[in-house]
Amino acid sequence: MRVLLTNDDGFDSVGMRVLRDVVSGHFAEVWVSAPARDCSAASRALSVRTPIKTHMRGEREFVVHGTPADSAVIGICEMTSTGKRPDLVISGINYGANTGFTVPYSGTIAAAAAAFDIGVPAIAISQQYNGKRCDNNVETSWQNSRKSVMALVSRLLRDTMWHGKCIMSINVPYSDVQGVKFAGHSCDDGHIKWDGPSMERREITSGDGRCVSYVFDDMRSPNSNDNASDTQLLEQGYIVVTPIGHSMTDHATLDKYCGLQ
């Protein structure tokens, strides 16, 4: 089986290094195509009509000066040019959970979606952290992913119910793992929570006049009232697997308007 690894945290991120270690020896070919820098929250942006500089680190490794979706598509194109597209794309391992309202913003899930859009089975993997971003390089932040991810990927590949019919998003807890649960993503209250301080505002005076610079803090999903949602189950210590499809339709509202026609 030929597999492509990608992410949104960047080619040289710790999560990519962990993912490489996890899949080592389990696939016939492993390719890597990932952004040159951290592209967290880049969502599904593609660099349309813009040349995308790509450095080759090896015959099967590409550092892409573009978005996560760019990286996935370029990796698939490179693999296809050798005679066969990948059998699987794995995006991650993201540093931080992707649950609830963070899902549409996630570059990790977007890279998987770019693969899924062109017919390649895709899995996105995210590792919850304990609230301190500086723990990125601490091995304990990744131990649950190291222990659990490959077994779960193998399970999905054997599962005829999935067979690449949707994106599979896996969130791994920071705390002791209580088991594996399948769940939808939480979207209870209609609003995103920005943990404070939500942004840092700086005024800058330069040669071209007065400017304002903003730096957004991490975005997290609000606490869900649904105990069976991805956010709640992750907080309870479960590895959460969420099937994600194409549709963004609000069917409840659509049904009401269709009833008036």
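Numbering starts at 1 and runs along the chain as displayed.
Including glycine, each Cβ sits where the backbone N, Cα and C put it.
Here Swiss-Prot flags Asp8, Asp9, Ser40, Asn94 as divalent metal cation binding site, drawing on sequence analysis.
Long-range Cβ neighbours of Ser40 (divalent metal cation binding site) (same chain, at least 6 residues apart, Cβ-Cβ under 8 Å): Asp8, Asp9, Asn94, Gly96, Gly107. Under the DSSP three-state reduction, Ser40 (divalent metal cation binding site) is assigned to coil, being neither helix nor strand.
Of all the binding-site residues listed here (Asp8, Asp9), the one with the fewest other CB atoms within 10 A of its own CB is Asp9. The DSSP secondary structure for Asp9 (divalent metal cation binding site) is coil. In sequence order, Asn7, Gly10, Ser13, Gly15, Asp38, Cys39, Pro68, Tyr95, Gly96, Ser106, Gly107, Thr108 are the residues of the same chain, not among Asp8, Asp9, Ser40, Asn94, whose CB sits within 8 A of the CB centroid for the divalent metal cation site. Using a 10 Å radius centred on the Cβ of Asn94 (divalent metal cation binding site) and all shown protein chains, the other Cβ atoms total 32. Secondary structure at Asn94 (divalent metal cation binding site), as computed by DSSP, is strand.
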